[in-house]
Amino acid sequence: MESRLPKPTSIKRPMMPVKSILPTDRIKAGGQGGAFSANQTYCGNLLPPLSRDINNLQEMDRRRGRAASPEPAKIGNRAKLRRSRSACDINEMRQNNKRPAAQPTLPSIPSKVSRFGNTNSTAATVPGQRVVRPAGTGTTGTTTATASSVTKRPMAARPLPRSATAAASSRPGAASGNSGSIGSGAAPKRIAPYDFKARFHDLLDKHKVLKTKYEKQVEDMGELESLPTQLEETQSKLIETETSLKNAQTDNECLQRQVKQQTKNIETITTSLGRTKEQLSELQVNHKQIKSEHESLTAEVLCLRQRTEDLQLRNEQQAEELETCKEQLFQSNMERKELHNTVMDLRGNIRVFCRIRPPLESELARLCCTWTYHDEATVELQSIDGQAKNKMGQQIFSFDQVFHPNSSQTDIFEMVSPLIQSALDGYNICIFAYGQTGSGKTYTMDGVPDDVGVIPRTVDLLFDSIKGYRNLGWEYEIKATFLEIYNEVLYDLLSNEQKDMEIRMAKNNRNDIYVSNITEETVTDPHHLRKLMLTAKMNRATASTAGNERSSRSHAVTKLQLIGRHAEKQEVSVGSINLVDLAGSESPKTSIRMTETKNINRSLSELTNVILALLQKQDHIPYRNSKLTHLLMPSLGGNSKTLMFINVSPFQDCFQESVKSLRFAASVNSCKMSKAKRNRYMNSSLPAHNSSSLGSSSICNSFEK
Ligand SMILES: Nc1ncnc2c1ncn2[C@@H]1O[C@H](COP(=O)(O)OP(=O)(O)OP(=O)(O)O)[C@@H](O)[C@H]1O
């Protein structure tokens with residue numbers, strides 16, 4: 001019997017303990033629910049049932065061996081006992097061991113698998129159920145799905161192998177009993193203890209079942225062996241997935257922030273879009289209005305263009321007419337100048353105005369001569385002293401103009417202004433005052449602050465006339481010099497420096513002279529010129545004389561040079577005005593400063609000599625005998641319009657000097673000077689002008705029209 005028991009040779013234990021393969025610690029670490037525990041390893045739970053089955057079989061064999069021992073006396077009892085015990089043992093063993101179909105022996109793979117996959121799978125965690133993991137399932141999800149789809153059948157309900165079934169069915173009464181003996185839960189069919197064959201077959205069936213089960217488990221073991229690797233792979237993938245998940249979460253957070261930001265932006269843009277739309281609608285309305293205005297304006301512009309063209313045409317016509325008018329005006333102005341100067345010429349190139357000054361309040365006690373003014377040009381002088389009256393007789397003098405003591409400065413300048421006009425037309429003008437000391441020369445030329453004389457009024461007239469000439473296309477430049485002749489020495493009244501100044505002949509014309517090294521100021525307005533005049537007056541030598549408390553003890557020459565330019569006509573006109581305030585003659589008997597008086601009287605005497613020489617038409621005119629005559633040479637005998645004021649005092653004690661002065665003036669008045677010529681040049685032919693030249697007439701004569 002014993003030898004006939006098949007040995008479980010097909011049962012193979014695992015070559016190595018599964019525990020050493022499985023990373024139980026890792027499994028424990030991640031284990032939940034139905035995962036493996038240390039006490040549920042194959043070594044602990046899976047193998048013992050198998051060994052117990054085998055042990056049971058061995059125990060049964062051992063007992064059978066004992067039962068077969070040669071004790072005949074006890075065989076009957078023992079057999080009974082063995083029989084009962086055998087049956088009881090099996091039943092007891094089955095009940096005590098409670099190992100039906102080794103239900104708890106297999107680890108709950110489905111639950112373990114479900115740990116990596118679907119932990120919610122209830123079927124996978126049911127004890128006693130077995131999840132068969134098909135080979136080749138890689139991913140956890142797939143595993144879970146597969147596990148959930150695999151049939152999980154209780155071990156008791158598991159069908160026996162076909163051979164076992166066939167073996168069982170081949171035995172009488174064993175078909176139903178054996179098939180349900182293992183894990184079926186049904187009450188097993190009792191086998192008689194003495195039915196060894198049946199028991200053997202039963203055991204054989206059990207063996208087969210167990211063998212099949214074992215093989216299946218080995219197969220499962222093989223599958224499970226691959227689980228760590230899969231687990232590692234899965235874990236690494238899980239880590240990767242977690243990393244990816246974290247990254248994805250980070251990205252997601254970032255994206256969510258961006259989405260929030262973009263949402264805000266969209267809201268802002270939407271708001272601004274709304275505003276923009278409103279503005280757009282307003283602008284569209286404005287655009288319509290502007291468009292309509294533009295259309296109306298365009299029409300207006302067209303009309304205006306047409307009108308502009310018409311106006312331009314008219315403008316051109318008028319411009320032509322204006323040019324013609326300008327030309328006519330220019331020509332008319334030239335004719336006026338010619339006529340004016342012709343009249344001046346007819347009046348004589350050297351004219352004499354006689355002015356008798358009134359007695360001052362302080363002089364009311366002084367006796368005055370008898371002055372009879374026959375007409376505006378004739379004056380009769382009589383001495384109130386009978387002796388002198390008989391000696392000198394009636395003294396009647398005729399001049400170009402006689403101004404009685406009541407004549408005002410305005411009356412005087414009214415007669416002078418035409419000469420100033422001539423200067424602007426390019427003529428040389430010379431105005432000088434001659435007379436006894438205290439006779440009113442300085443009063444006539446400079447005047448007093450409340451009643452200015454010829455020179456300040458000349459300045460005002462010049463600048464007024466320049467404005468009018470500007471409308472005719474003339475631009476004027478005025479240059480001024482202030483010269484003093486004191487004791488036959490030249491002084492620059494605009495400078496306090498000691499200078500070596502001389503009267504020199506111009507190189508280009510022997511009749512032209514200039515003063516070297518003199519300060520020349522270009523004046524742009526009357527105020528500037530007045531300031532210069534004041535400076536010159538302050539620098540002039542004055543002293544007290546018998547006839548004048550503040551007598552001018554020098555000859556003062558103010559020269560104004562007028563340079564006019566007509567750009568359009570390319571014409572330049574150069575005129576000059578010499579305004580001379582001579583020092584007063586004085587009787588040596590009353591003089592305090594003899595040298596000074598001698599020089600003054602000498603220069604005045606030389607002036608008389610020059611005039612007489614001119615009267616007598618002598619070949620030699622002694623201009624160079626004194627600084628004064630030398631300086632006035634162009635004005636006395638050259639190209640100049642000259643005006644001489646003869647100033648006389650009304651007093652009886654000045655009778656002799658007054659007669660002397662009037663006789664000299666009368667002789668000057670009879671002097672026939674050559675006709676003055678106008679200084680006109682074309683721009684291209686304008687010579688280099690020496691501004692220091694006192695008289696520029698000679699420069700200009702060669703260009704006389
Ligand atoms: N027409 C006048 N009306 C009023 N006062 C006058 C007139 N002429 C001269 N006078 C006054 O007479 C005084 C002498 O005049 P002024 O100084 O002009 O003489 P003068 O000829 O220049 O003398 P000098 O040659 O010594 O310089 C001054 O006080 C001046 O104001």
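Every residue, even glycine, has its Cβ placed from backbone N, Cα and C.
Taken from TrEMBL, the feature region 'Disordered' covers 62-187 (among others).
Positions annotated as compositional bias 'Low complexity' by TrEMBL: 135-147 (among others).
Under the heading compositional bias 'Low complexity', TrEMBL lists 156-187 (among others).
Annotation comment: TrEMBL describes 231-328 as coiled coil.
Summarising the annotation, TrEMBL assigns domain 'Kinesin motor' to 349-671. In the predicted structure, the domain 'Kinesin motor' (349-671) carries a mean pLDDT of 84.
Under DSSP, G438 (ATP binding site) is assigned to coil, being neither helix nor strand in the three-state scheme. In the structure as shown, the Cβ atom of G438 (ATP binding site) sits within 10 Å of 25 other Cβ atoms. The annotation ATP binding site is assigned in TrEMBL to G435, Q436, T437, G438, S439, G440, K441, T442.
Per TrEMBL, region 'Disordered' is recorded for 683-705 (among others).
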Residues satisfying Cβ distance under 8 Å from K441 (ATP binding site), sequence separation of at least 6
A433, Y434, G435, S552, D581, L582, G584, F645, N647
